[in-house]
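Heads up, the thing below is written out as C-alpha cells.
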C-alpha cells in the first residue's frame, strides 16, 4: 500500500461519518486472522505446573497494562504456567491465552518465624494441628491481607500473622550492596573505572539483581581487584552514600505508585487528585530530608520506612478496598466456611447417607454464594452477599440429634446417681452397707452410660436411659430414713466438690487479676447453689438444687469467658468503625446486650458456643453495615462537593442564585444521611445513597443554555489552539507531501471536533469531547505506521454498529434521543482515537469492547434486541428462498423450512435473554450461522447438512436392527424347523425399512416402527418365543460379562484393588439380577430391547471403572521421582472418586485428571 493511500485512510478515520461500510462478520474474521498469524509465529513455551499459594485473580492484557477478570483461582489449586512476563513493572505468569496471575502468588518468599504461632483460616479461626515453631521457615505468598484488623500472609495452607515473621533489614535498605547500575555479569569487571555515584540506585526489589549482588557478594569480590584494598571484600567504599541513594529511590518509587493509584481513582475530582498529589510531594520532601540527615544505616532504614509509610498513607485506594479485592476476599471466606461445615458434618454421628446429603447442600450453598459474590456490583453489596452466603452455608449443617440425645441421657443418669448417692450417704445404714450400695450405684451408672453410647437411634437411646435410671434407683436400700438437715449437709459437700473440680480447670499461669475474676464466677455459682439447698423443703428440692447447682458451676466459667469474648469482639468492631461513628457503636452495644442475655440462659457449653458464634457474626454484620454507611456518607459528601463546583462554574447564575442552589444541595445531603443512618440493611443504604446522589445531581445539572454556549466556545477555542500547535509542529517536518496530508488530517479533525461539541447537550460531554479531540489532533503530528489494514477493519466494524444503533436511538422518546446520540458519538470518537493509537491487536480489541460498553449504556437493551431479531427474520426469508432454489426434494425442502422456523424462534428467545450488545451480537451471529448451515449446498445443488427427518430415519432404523438381532438370536432349527419365523421376521424388517425410507413426516416414521414391533410381538406370542428371547438376552449378557470381567478385573491384584474388584463384581451381579427380574416382567419386544441396552450400558461403566483404576496404577508407577506418600494419597483419592462415578464421560474426565495430578507430583522437600 502506498503512503498516500495510507494517509487517505487516516483522513477517513478522523472524519468519522465518512468511514467505509464493511460487514461485521468480515471485520471480525480479518481481525481474528491477524491474531491467529501472530500466535502461529510465537515461540513454543514448555508448560510448568505450579501450586497457587494465595487466592489469585486472573488478569488479561489491556494495552500496556493488565486488568482483572471475574475469574479467580483458590489457594492450593494447581495451574500450568507458560513462562513469566513483566507487565507495567509487575511479574506475572501466563496460564493460558491472554490469562495471567501474579507471580508473587505462585513463587512466594521464604521467611523465618520470630515466635511459635498457629495458622488461621480466612475468617480468622485457628486451624487445628497447624502450630509452627519459632525459627521455622515458612513460605508466604502475595501481599498481606487484613483479618479482623490484623495483617496476615497466605502460606497456601492457611494464614500466618505478619507480626510473627522475623523482620529483614534487607527488605528495607540493601545495606551490603554497592549501588551501581546493572551490568552484564558475564563480562569482566572494569576495576579501573571509578564508580558513578550520581547514577540512580538500582531497584532493590529486583529479584535477579538481589541474587547477583546480595546473595553472592563473596564470590563477586573474590575474582577481581578492588579500590578498597586487598583485605576489604565485604564493606563498600561509600556504603552510607549508596544506602541513602537506595532509600531515596525507594521513596520516589512509593510516591510514583501512590500517585498512579490516585490518578486512577475515579471517585476523586481533578481538584482532589491535585491536592492528594501535593500531599504526597510534601511527605516525600520530608522523608528525603530525614534520609540526608541520617548518620547511620539504621537511621537511614528508619527514615525510609517512615517515609514510605507516610507516602502510602496519602493513597485513598488501599489494596483490599477495591470491588475485585473484596470479591476475592469474600470467596476465601466462603471457602473457609464451607470447609468448616464439612468438617462438622463428617465428624458428626449422622448416617453416611445424611452426611452425603448435608455435604451436597453445603457445596450447593457455596457455589451459589460464589456466583452471587461475582455478580455483586458494589463493595457494600459484596459484603452483604458474603454475610448471607456464610449464614446459608452454616445452615446446611444438620443438628446432630442422636449425639445431643446421648449427651442429655448421660446427664440424666448422672443426676439419678447423685440423688441415689445422697440418699445412701445421708441414710442410717452402716458405713460398710453405704459403701456397698454406692459401689452398686456407680456400677449401674457405668453400665448405663455404656448402653446409651451404643444406642443407634434416638428412640433406642431414650429407652436405654429409662432402663438405666430404674436400675440406678434399685441400688438404694429401702432402710434409708434420714433427716432433712443431714441431706442438706451432704448436698453442700457435693456442691463444694463440684466447685473445687471446676476451679482445678482454671489455668495456673494466668495473671492474678484474671485468676481472681475466674475463681469469683465459680464462687458465686457455688454460693447460689448452697443457698438453694439451705432453703429446700424436701429431699426432692435438695436433689434439684444439686442438679441446677452443678450445671451453674460447670457453666459459670464458660459463660464468663463467652461474655468476655463477645465484649472483646465488640471493642474491636468499635475500633474498626472509628470512635466518631456513634450510630455504629450504639448498634454494636445493643447486639452485645442481646447476646449476653442469651449466654446467661444457655443450658450447655454447646449452646454457649453457638451463641458466641452467633454474637460475633451479628457484631461483624453491624460492623460491616456501619462501614457501609460511612462509605455511603463519604460518597454523599463527594457528590455535594462536585455539585457545588458545577454550581460555582455556572456563569448564568448570580451569586445569590448560586448560594440558594448550594443551600438546596446541603438540605438534600442532610436528608440522605438521615436515611442512611436509619437504614437496617446494605440494600437500604445503597438505595438511600443512590436516591440522594440523584437528587443532589438534579440540583446542579440544570446548567443554562447561555452557560452551555460559553462552554462550547471555550472548548472550540481549545480545539483551535491544539490545531495551531499541531500545524506548527508539522511545519518542522521535511517531507512536503507528508506535511500536507497531516495538515489535512488536522483540518478534518477540527471540523469533526467542532461538530461534535456543537451537538453536545451538557457540560460533562463538552469537556470530554474537548479533551478527546485535542488528544486526537496532537496524535496526528506523529501518527505511527502500524496495523493499517486491521485499523481500517476495526473502524469499519464500529462504524457499522454505530449506524445501526443510531437508528435505534431515533426510535427513543424525544427526551432521551439526543442524550443517547451524544453518548454513541462520544464513544465512537473515543474508540476511533484508541484504534489510531493502538500498537497491538489487543488494544484494538479493547477499543471495540469499550465502544460496546458505551452502547449498552446509551441504548435500551430492548431496542438492540429488536434490531437483532429483525436481522434474523431477514436471514430466514433469504434462507427460505435459497431452499426453494435448491435441488432438494419437496419433502426435504419442507422439513428444512420447518427447522428454520424453529431456529428462528430459538434465536429470538436467545437474543431476548441477552443482556448487553456484545451478547446480543454473539447470539445473533451464532444463529445466523446456524441458519446458513441449513441451506449450504454442494456443487450439484444438493443440501449437504443432514435434516431432522433423515436423522430420525437413521435412529429408528438402528432401533429396528437391534430388535431384529435380539429376536433372530433366539431362533434356531429346533424352534423354527421350516424357517417360517425367520422369513416373517425378515419380511417385517424390510417392510419397516421401506416405509421409513418413503416417510414424508416424523409421524410416518413412528408408525413404521410401531408396525414392526406389533409384528414381532405377534411372532413371539404365536410361537411362544418370549421365554426363549429372554433366555437368549440373559445368556448374551452373561457371556459378555464373563469375557469382559476376565480381561478388566484380572489386573486388579493389590490388596486395596482386590476390594475394588470385589465391589465392581458385586455391582455387575446386581445389575444382572435386576435385568433378569425386569426381563421376566417385560411384555413387549421394545421393553426387552430397552432393558438389554440399559444393562449393557451399566455393565460397561462398571468394567470401565476397573480399566481406569488400572490406568491410575500405571500413572503412579511411572512417577519414580515424586513424593511417594503424596502419590499414594492422590491415587487413593482418585480411586475413591472412580468407584462413585456414574457415566463414561465422568470416568474419562477422572482418568485425565488423575494422570495430570499424579505426573505433577514432585519430590518432597
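Note that Cβ sites are derived from N, Cα and C of the backbone, with glycine treated the same way.
Curation does not apply to TrEMBL; its annotations are automatic.
Fair warning: this is a prediction, and the values are worked out from it, not measured in the lab.
Residues annotated as signal peptide in TrEMBL: 1-30.
The domain 'S-layer protein C-terminal' annotation in TrEMBL covers 104-162.
Per TrEMBL, the feature compositional bias 'Polar residues' maps to 177-189.
What TrEMBL records for 243-313 (among others) is domain 'DUF1542'. On the 0 to 100 pLDDT scale, the domain 'DUF1542' (243-313) averages 85 in this prediction.
Summarising the annotation, TrEMBL assigns domain 'DUF1542' to 330-399 (among others).
Sequence annotations record features per position, and here TrEMBL assigns domain 'DUF1542' to 629-698 (among others).
Marked as coiled coil by TrEMBL: 716-743.
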- Task: Determine how many residues of the domain 'DUF1542' (330-399) DSSP places in helix, in strand and in coil.
- Result: 57 helix, 0 strand, 13 coil
- Mind checking how the domain 'S-layer protein C-terminal' (104-162) divides into helix, strand and coil residues in DSSP? 5 helix, 28 strand, 26 coil
- Which numbers of helix, strand and coil residues does DSSP report for the domain 'DUF1542' (243-313)? 63 helix, 0 strand, 8 coil
